[in-house]
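Positions annotated as Ni(2+) binding site by TrEMBL: His2. The Zn(2+) binding site annotation in TrEMBL covers Cys73, Cys76, Cys89, Cys92.
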Amino acid sequence: MHEMSICESLIQVIEEQAKTKKFNRVKTVFIEVGPFAGIEIDALKFCFDIVCRNTLIESAKLEVLELPGKGWCFECQQEVNISDRFDPCPICNGFSVQSRGGDELRIKELEVY
Ligand SMILES: [Zn+2]
């Protein structure tokens, strides 16, 4: 389950920040996840609860903000919203859509004590 290793690296990042920004406890972790990141949000939350035991983010809440999918349609010459990497263009139904980003996973904000 790769959600487990994602959680472990999230915690590493947060622990680094705790050292530089000098906080000891985290209340809420806000993360942004792209629609093409291939992450199961439920699995991520499940792993987060396990991995954060006995760390400074123990009992912290994980808030996941799902980013919309974006692509560029070469036919319409504009940015369109897509929910899957291989979706057709919602305007012209063509398949000349190139997905843009969408596989990001980053910490947006930390609410600390
Ligand atoms: Zn189009």
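Glycine is no exception: its Cβ is also placed from the backbone N, Cα and C atoms.
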(message) So, three-state DSSP: helix, strand or coil for Cys89 (Zn(2+) binding site)?
(response) coil
(request) May I have the list of same-chain residues other than Cys73, Cys76, Cys89, Cys92 whose Cβ is within 8 Å of the Cβ centroid of the recorded Zn(2+) site, in sequence order? (result) Phe74, Glu75, Gln78, Val80, Pro90, Ile91, Asn93, Gly94, Ser96, Val97
(message) Just to be sure I understand the packing, how many Cβ atoms besides its own are within 10 Å of the Cβ of Cys92 (Zn(2+) binding site)?
(response) 14
(message) Using a 6 Å cut-off on Cβ distance, which of the binding-site residues His2, Cys73, Cys76, Cys89, Cys92 come close to any atom of ligand 1?
(response) Cys73, Cys76, Cys89, Cys92
(request) Specify the count of other C-beta atoms within 10 Å of the C-beta of His2 (Ni(2+) binding site). (result) 12
(message) Helix, strand or coil by DSSP: which one applies to His2 (Ni(2+) binding site)?
(response) helix
(message) Return only the integer: C-alpha distance in Å from Cys92 (Zn(2+) binding site) to His2 (Ni(2+) binding site).
(response) 36
(message) Return the count of C-beta atoms lying within 10 angstroms of the C-beta of Cys73 (Zn(2+) binding site), excluding that atom itself.
(response) 20
(message) Out of Cys76, Cys89, which of these binding-site residues shows the lowest number of other CB atoms within 10 Å of its CB?
(response) Cys76
(message) Can you tell me whether DSSP puts Cys76 (Zn(2+) binding site) in helix, strand or coil?
(response) coil
(request) Take the C-alpha atoms of Cys73 (Zn(2+) binding site) and the residue listed as 'Ni(2+) binding site' and report the distance between them in angstrom, rounded. (result) 32
